[in-house]
């Protein structure tokens with residue numbers, strides 16, 4: 001029973017982390033134009049708009065976290 005509780009708890013923690021990570025990414029339209037540039041410039045654009053850094057660029061759409 002203790003193993004079941006521990007497994008359930010770990011699964012719950014992992015699910016919470018996935019949900020939090022998914023919600024953290026925000027599209028920043030002004031940064032779309034820097035998607036083709038180096039990572040440092042992408043991070044700078046996201047920081048200039050109040051985010052910690054860039055998460056990804058997908059089809060020319062910048063996602064910041």
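All residue numbers here begin at 1 and follow the chain in the order shown.
Including glycine, each Cβ sits where the backbone N, Cα and C put it.
The disulfide bond annotation in Swiss-Prot covers 31-46 (among others), and the record cites a curator's inference as its basis. Other Cβ atoms within 10 Å of the Cβ of residue 46 (disulfide bond) number 23 in total over all chains. When secondary structure is read from DSSP and collapsed to three states, residue 46 (disulfide bond) falls in the helix class.
The disulfide bond annotation in Swiss-Prot covers 35-57 (among others) and rests on a curator's inference. Within 10 Å of the C-beta atom of residue 35 (disulfide bond) sit 18 other C-beta atoms, taking all shown protein chains into account.
Around residue 45 (disulfide bond), a 10 Å sphere centred on its CB holds 22 further CB atoms from the protein chains shown. The annotation disulfide bond is assigned in Swiss-Prot to 45-64 (among others) on the grounds of a curator's inference.
Here Swiss-Prot flags 1-24 as signal peptide, drawing on sequence analysis.
When the disulfide-bonded residues 35, 57, 64 are ranked by how far their Cα is from the Cα of residue 46 (disulfide bond), 64 comes first.
The Cβ neighbour count for residue 57 (disulfide bond), using a 10 Å radius over every protein chain in view, is 17. For residue 31 (disulfide bond) paired with residue 57 (disulfide bond), the C-alpha to C-alpha distance reads 10 Å.
Each residue contributes its Cα atom, and for residue 35 (disulfide bond) and residue 64 (disulfide bond) these two points are 11 Å apart.
Across the structure, residue 64 (disulfide bond) and residue 57 (disulfide bond) place their CA atoms 9 angstrom apart.
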